[in-house]
Structure formats: C-alpha cells, structure tokens
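Notes follow once the structure below has been shown.
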Amino acid sequence: MASIRRTLSPAYHDRPYQNGAVSTHGGVSSPSHKLLSSSKYSSSLPSAVAAFVVNFRRKGPQGLRKAFVRWGVFFLLGFLLGMLPLGHVDDIRAQDFSFDIKPPHVNVQLEEEGGGGGGSGGDRGVKQEQDVVVDVRLGIDEAARAESGNGLLVFVPRKQIIVVTPTYNRPSQAYFLNRLGQVLRLVPPPLLWVVVEMNSASMETAEVLRKTGVMYRHLVCAKNSTEVKDRGVHQRNTALEHIEHHRLDGIVYFADDDNIYSLELFYSLRNISRFGTWPVAMLAQSKNKAILEGPVCNGSQVAGWHTNEKSKRLRRFHVDMSGFAFNSTILWDSKRWRRPTSIPIRQLDTVKEGFQETTFIEQLVEDENQMESIPLGCSRIMNWHLHLEAHGRIYPRGWLLQKNLDVALPLK
C-alpha cells in the first residue's frame, strides 16, 4: 500500500524583519503586524496621516510639537502674504478707509406756484439739489428767511434773559411777585429769574416762586440790614456776584417786583447786543402826574434824555433802574469788551440817592454811541414805575390772617 507523505512547509525559525521584530514558530506575529492587521482602516488613510502616525510612534510627543511649530510658521507666512496688496501702494487713497457716514447735502425748497417743468401746475413740490449745503443751526427762535435769497430756513437760537428782582417782606409782596411771575411765564425760554432777599430766604417767597412755573434762583443777601442805606443796591450786587461767579450768559435786566411790565419788553430784550435803553413812564411822588424818563432816540441811536427833576439834572445818564439792560458777559469777560480795568462792576451805595443808575451805567459804557435804542426810535412805553406802596401795614405770616376783620356785617 502506497503511503503518501505530505511535505511540510519549511519552518521559519526566528526570522528577523526589518523593523527588528522576530517571527516565532507557531504563527505568532510581530507587534507591528498586529497593528496593521487589527487596524483594517489603516490601509485606506491618506499617506500623510499614515506617515504622521508612524512618525509619532517613532519620535513621540517631541516630534508632534515640532510639527505644530512648523505648521504655525507656514500659516503665519501665508497670512502675511495674503494681506499684501496686489497693486501699487499709490492706488490706495485715504477715502478708501474712511468710516465717516456722509449723506449727500439736500436743499429742500418749495417750488413757486405755477412753475413749469414736469410737475403739475400750481402744485408745490420738493426738489433736491446735491450741490447746495444747507446751514441749519439748532435754536428755538422763529424761523427766518435767509438774506441770501435762496429761501432757506435758518433757526437762530434765543438769548437767555436774566431777570434780577430784589424783594422784601411786606403786605403786597405776594401780589407783586405773582403778577411779575405770570408775565415771565409767558416769555419764551430760556429765561432765568434771580430773586434776592435780605438776611434769609422766607418760605412765603419760595412758595410763590415754585408756583409760577418759571426757572428761578432764590438768593440771600448776607449784608447786615442795619448798616444798609439802600437794600436794593446790595441785593442787586448779590445777583451780579452770582452771575459773574457762574459766568451766566444772557441779557441782565433789573425788574423790581412793584413795577408794571408789558410782554413786548421781554421780547425786545433779546435784540440787545451790548447795552440797550428805553423810556420809562413814572408816576410822580405827588401821584397827580406822570413823568417820562429815559432816552430821546434818533432811529437806533440815543440823541438825548428825558428828565423833569431839577435835582437829577447833574446825572450823566437819565435812566430809571428798570429802563436799561445789558449783556452779562461785560461782568466777567473784560477782554471781549475791551474794558480798561478788571474791577468788578457793582452798584454803589455811597452815592447820593437817585445816582445809583448813572454811576452803574458809567461802568458799562463810555457814552451814548455804545447804547442801543429799544425799540427802534424809543417810540413805545413798555413799562411803568409806580409808587403805590402803602406803608405801616402788617405783613401777614404765611399770607394768612390770624383774626377776622374788626367790623362784621350780619347776614340778613
């Protein structure tokens, strides 16, 4: 019987491989063979990733760190090259990098009625012109037509009016303050009412000021009342010090609370540039005639003065305290008005009664050429100075009467 002998495959005892692994008898593969055989997807990875895996196994984390450093260097070089312009540097203009939003200038005009040219006749349309710059200034005054003839609307800001009112406790004080406050609240803003009291601020005056609805400042004159010859002079000086210290900009007007003022007067005050004056009607001490005191005007220039009292003819300027107003910047900006001295402008208590006005005005202006007539030609009486104060009456505390009248009539 024939015997068949199967030839055995040659045994590979301890065959070395290039990677240093040794193949043992019994079919035990090397570690690298296990890695490649167990990772079936490794054959499908890109060559770069496979090389990265092999390199990582050879060199460890240090090689990975060097690879990241190289990658960062090449990325930075590529970024810088991409930012370089592809043309000449001169082609880049400054306006190419401007972030300002500049809308086109629009000139809004109303077309005249009956104008032709593509529109319906008689209708008012709006046309835009790109080559006209509109100068619009923020303000709260009425719109006025520009003198250029283009029909543009220009808003002029109003000047602030600073009304200075000295007051003191007396029976008719509440009536006078309320009457003046009701006039001031009708004046278009901005307006500041500076009310000055002697020694202390009374609650009655503060209550009246709050109810008027006018923007006000309640000040106190700390001058000793027993040493004061004319309390009104020191009260006005307190207001002048306040205006100068805070550099308030506006037209200063001394308005006593017992005078009568028209609304037209406060409208006219905003037309003053430096110093304005106007005639004031005064009731004589005898109360049987009226006296006109103030400037005689020729157009906008002051040509002379009205006066009827012989004792006051020696005055340089014949003006009542409520018959002039001036720019507040004269008090704290001497360079602008070219004042020869920086001495504070104040009313004088040392002069004779009735000369406070003229000595104060002499500090503001040099002569009549620096004065402005209000209104044009001084043709209107806009305020009255009345001497109607009754003396000897009791000042009611809190405006309340503590007892009834002495005579009471029974009801029938």
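Each residue, glycine too, has its Cβ placed from N, Cα and C.
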If I go by TrEMBL, the feature region 'Disordered' sits on one of 1-29, 204-232, 291-319, 320-348. Which?
1-29
Starting from each candidate's C-beta and looking 10 angstroms out, tell me which of the recorded positions D258, E293, E357 has the most other C-beta atoms.
E357
Between E293 (site 'Interaction with galactose moiety of substrate glycoprotein') and E357 (active site, proton donor/acceptor), the C-alpha gap once rounded to whole angstrom:
12
